[in-house]
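What TrEMBL lists as domain 'PurM-like N-terminal' is A:32-142. Summarising the annotation, TrEMBL assigns Mg(2+) 4 binding site to A:34, A:48, A:79. Per TrEMBL, Mg(2+) 3 binding site is recorded for A:34, A:79, A:219. According to TrEMBL, the Mg(2+) 1 binding site annotation covers A:49, A:50, A:127. Annotation comment: TrEMBL describes A:50, A:79 as Mg(2+) 2 binding site. The feature substrate binding site is assigned by TrEMBL to A:57, A:273, A:315. Annotation comment: TrEMBL describes A:126, A:127, A:152, A:221 as ATP binding site. Positions annotated as domain 'PurM-like C-terminal' by TrEMBL: A:156-264. Marked as Mg(2+) 5 binding site by TrEMBL: A:222.
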């Protein structure tokens, strides 16, 4: 029988977790005091928080704890990047049932720490409590390095719309977990399932977009159409997508072939949780190659694909129409 | 039948909550974007996070939602003050079952906002998710205004030990909720029960202690003996308490009379959740009246009361020996 977290005291469990964390030069005081102290070089701090609940945002039978840690950190660090900021720190609240194996908590912490390291950030504090439901509460902090924050509402008619990062992979991976292919070792399936378990947000593209004076930016967490709909609504403009520019990555196309020929474009438009960055830029902005232009901003409202309105069928985390 | 949060979309619920919030001059970007942006005037940011789970940290039949909001904010804002910082911002993660009345969520948000206002801070962001268990995840941020952070480990032999804020009230209030007095309108009972529902941390005493160059400080959340034990352990010293200096407030003494003559000193030594501040200061430091000297720092380890070692019987939020 594995050792459970309920057999440890609060302080023993905290020690098991914090021993897996490493500071960066931004960390002035890390875990162990009443609060952490983090550098905020430009005298402002970007801050965002998310909750992940077992069975709703992750499944222990579908993802290993290290993957859950990566994903929980990634979705918050991507929100920091989507403001144009560099992630600096992460706080981690952990509500868990006492029968959870200690190794699960330890590997979760290793995943959080590794994802933070990939983004240049560090886990700086947290809290552990007993609960019936396994829940992670993540807060991420970041620094704008003097840049103006890139908000949702600044897109103007004529702007380019561009995306950095992957689209549709996570949703295709989720579909394959729910309906596994005949050959579970198929490399296309493995690639998108891995991306569902551990999204790979393009963190440096966030501050880069701020330097390129992006007019608006958002993290694609609920689906491209839904998230661009927020940019359209906030800016009082419409987003005009061009399907020819939304060519699926080869791995996504191959995964769709395993899903009875599902349409990759549907995953790219509506799939959530990839944590790509979508942004608008003034026309003529010299975009690095990893930003793919997928459309433009027009006068009007909503999101159009090849001239026709498209409705979001992305995720609503809480109420009507939400899964789970 | 009241309107439930499950009948609202995620965005409708967020709008109900954010309409109850007010910004301060520290808030550069509040709720509604990928992340908030908050001033961090001295180029560092204090950050702390806590989870509160229904049935464990609050009960809906014992506390109104506004009280729960006050308490959830207070315990995090007090951690910021315990570093010597001024609270600036708060993020709020809300996991709730769909059958929760909307009014409960709205009044919770009002309590969070009111407690933030009392501390000079603002709610700047959050997240809402569906869950079986009602859980609040709070992160508080703060600014040191150029002062050195007051850590747990700096107490030195000869230092004074002093407390600002109330001791024992919250635990006595909890005892009276569990074992109500014959006269529920008894003013002593009402006073300590109110303090259990809404603790009143002495926020300004935190930055004040930093200015007075406190050598160590902690927020009394788990009981005075247990929390001073952290100061003793972190500093490699012992804390020598003087029972004559731990005179109970009249309200606490009166409440204890209703509890079959319970010992007020036991509540003051071991009761949690008052969120007083306990600190050590160099001898001769001119302490304002709201800091009561309760002992001194000596050579050794642990916590002594009138020369005899005392063991903490405070709260352990997770494992062995924890209630609930």
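Note: Cβ is positioned from N, Cα and C throughout, glycine not excepted.
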Residue A:34 (Mg(2+) 4 binding site), number of other Cβ atoms within 10 Å: 28
Lowest local Cβ density (other Cβ within 10 Å) among binding-site residues: A:48, A:49, A:221: A:221
Max CA-CA distance, Å, over listed ATP-binding residues A:126, A:127, A:152, A:221: 32
Structural state of residue A:126 (ATP binding site), classified by DSSP into three states: strand
Among A:127, A:221, A:222, A:273 (the binding-site residues), residues with Cβ under 8 Å to chain B, listed in sequence order: A:127
Cα-to-Cα gap, residue A:152 (ATP binding site) vs residue A:219 (Mg(2+) 3 binding site), nearest whole Å: 10
Between residue A:34 (Mg(2+) 4 binding site) and residue A:126 (ATP binding site): CA-CA distance (Å): 10
Secondary structure content of the domain 'PurM-like N-terminal' (A:32-142), with strand meaning DSSP E or B: 35 helix, 46 strand, 30 coil
Entry from the binding-site residues list A:79, A:127, A:219, A:273 having the most other CB atoms no farther than 10 A: A:79
Candidates A:34, A:79, A:127, A:273 (binding-site residues) with Cα within 10 Å of residue A:221 (ATP binding site): A:79, A:273
C-alpha spacing of residue A:273 (substrate binding site) relative to the residue listed as 'Mg(2+) 5 binding site', in angstrom: 6
Cα distance (Å, whole number) from residue A:34 (Mg(2+) 4 binding site) to residue A:50 (Mg(2+) 1 binding site): 22
Candidates A:57, A:79, A:273 (binding-site residues) with Cα within 10 Å of residue A:219 (Mg(2+) 3 binding site): A:79, A:273
